[in-house]
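Asker: According to Swiss-Prot, the protein has these features:
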{"type": "BINDING", "residues": "K26, 72-73, 99-100, K103, H105, 124-132", "note": "5-phospho-alpha-D-ribose 1-diphosphate binding site"}
{"type": "BINDING", "residues": "F34, F35, T128, R156", "note": "orotate binding site"}
Amino acid sequence: MKAYQRQFIEFALSKQVLKFGEFTLKSGRISPYFFNAGLFNTGRDLALLGRFYAEALVDSGVEFDLLFGPAYKGIPIATTAAVALAEHHDRDLPYCFNRKEAKDHGEGGSLVGSPLQGRVMLVDDVITAGTAIRESMAIISAHGATLAGVMIALDRQERGRADLSAIQEVERDYQCKVISIITLKELIAYLAEKPEMAAHLDAVKAYREQFGV
């Protein structure tokens, strides 16, 4: 586990973004942990979050020309990641995001920000079913751009309805790499370092045995 990954887990725990317990997911599964990136909701939170996204993007080595944040959750993530890449990595890259409803006045259209072109890095909080990615791909393709990769905060490394995870399906369907700040593997490694979290570690391991990929 890299230093920034450990720091991100501690950041998520401190903001109650990452919680342990029993949580019913949309799939109906009872998960021993829950991740809600919407609780990164202050200026300092966003500044830090952008730095973690930027660190993981640079660390991945994936080349891209533009950051795209799908509405709504992807919008602040793309914005803060773009700022962090410029401030901390000297990479001043364009970014844009889509509107849910296209405007018919002013500048018009369904996109805000830089023109959507070149190799696009799509940034979001998590991938659950991959629906948002598919919607974004339609927008990216319509503008003649290509998908360089997808960047999320947490990869749950969990099977969907079939044998693959939603992330593996995205990688297969769009021939792109999905990057995450952390995966379930790092989360388990972190829990294993903390004797006081032994009960949570056992629960998460049992869940991985049942639903992991």
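Using N, Cα and C of the backbone, Cβ positions are placed for all residues, glycine too.
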Asker: Using the Cβ center of F34, F35, T128, R156 as the orotate site position, which other residues in that chain lie within 8 Å, going by their Cβ?
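Answerer: Other same-chain residues with Cβ inside the cutoff are L25, S31, Y33, V126, L154.
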Asker: What is the Cβ neighbour count of F35 (orotate binding site) at a 10 Å cut-off, with all protein chains included?
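Answerer: So the number of other Cβ atoms within 10 Å of F35 (orotate binding site) is 18.
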Asker: Which residues of the same chain, at least 6 positions away in sequence, have a Cβ lying under 8 Å from the Cβ of F34 (orotate binding site)?
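Answerer: Those within reach of F34 (orotate binding site), by Cβ under 8 Å and sequence separation of 6 or more, are L18, K19, G21, F23.
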Asker: Between K100 (5-phospho-alpha-D-ribose 1-diphosphate binding site) and T128 (orotate binding site), how many Å separate their Cα atoms?
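Answerer: Answer for this pair: 19 Å between alpha carbons.
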Asker: Rounded to the nearest angstrom, how far is the Cα of K26 (5-phospho-alpha-D-ribose 1-diphosphate binding site) from the Cα of T128 (orotate binding site)?
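Answerer: Between the alpha carbons of T128 (orotate binding site) and K26 (5-phospho-alpha-D-ribose 1-diphosphate binding site) there are 9 Å.
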Asker: Measuring Cα to Cα, tell me the gap between R156 (orotate binding site) and K26 (5-phospho-alpha-D-ribose 1-diphosphate binding site) in whole angstrom.
Answerer: 14
Asker: Translate the DSSP assignment of F34 (orotate binding site) into the three-state scheme.
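Answerer: Looking at the DSSP assignment, F34 (orotate binding site) belongs to a strand.
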Asker: Any idea of the Cα spread of the orotate site, F34, F35, T128, R156, as a max distance in Å?
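Answerer: Overall maximum Cα spacing for these binding residues reaches 12 Å.
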Asker: Return the member of K73, D125, I127, T131 nearest to F35 (orotate binding site) in space, with distance defined Cα to Cα and candidates limited to these binding-site residues.
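Answerer: Of all the candidates listed, D125 is nearest in space.
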